[in-house]
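These notes concern the structure reproduced below.
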Amino acid sequence: MKKLLLTGFEPFLQFKINPTMKIASELNGQSIGDYGIHSEILPVDFRIAGRKLLSYIEKYKPDAVISLGLAGGRYKITPERIAININDGESDNSGNKLEDERIIDEGEDGYFTTLPIRNMINSLHSSGLPAEISNSAGTYLCNHVMYQALHYAKKQDADMKAGFIHIPASHELALVHGKIPSMSHEDLLKGIRICIEVLSEDERS
Ligand code: PCA
């Protein structure tokens, strides 16, 4: 059985619940297609998140890494196309406020995802779930961990697929937040299961 490292994030900024935590923990230990899932939750901290992610990669030696993040305000499930070499944005949970900083000095300016994102979108649509490819993961923690995983794969010349999927708020979060669009937890979970199935099928073909 192949190994998938699935990560979620803890709550951050004004988002008191991070729906990616529940999805990651519910899928932990499950098998989808050819993949056995190992889930971990990452801190919203520019100085720690990348290191933690790389330590989980070293620990599990996964065949693929999918990281999940909340994009509060988005309406659809959005697999990301590209990660860029920048840390910038609002303060993280430890108070680091970074501006225009490169993630890795000698790293490429950007890396494309190695997940089959077009097939993921097609499958999500066939299952009746709103989804589209996103061309920007932003410059905050989500972009950071996507970049770190892709840089690691490139540097190690590892045959490890990696990428990132942003999800909208769950209804549970939308209720406490008050002003963001949402999807049900069940649909978000179904959407991520579909993305993992597509990853597995893509590698068989
Ligand atoms: N979303 C943030 C960081 C953590 C999360 O779930 C982002 O989009 O960068």
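Heads up, the Cβ atoms here are built off N, Cα and C, so glycines get one too.
Features of the protein shown, as given by TrEMBL:
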- Glu80: active site (ACT_SITE)
- Cys142: active site (ACT_SITE)
- His166: active site (ACT_SITE)
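Counting only same-chain residues six or more apart in sequence, the Cβ atoms lying under 8 angstroms from the Cβ of Glu80 (active site) belong to Thr113, Ile117, Ile133, Ser134, Ser136, Ala137, Cys142, Asn143, Met146, Gly163, Phe164, Ile165, His166. Secondary structure at Glu80 (active site), taken from DSSP and collapsed to helix, strand or coil, is strand. If you draw a 10 Å sphere around the CB of His166 (active site), it holds 23 other CB atoms from the protein chains shown.
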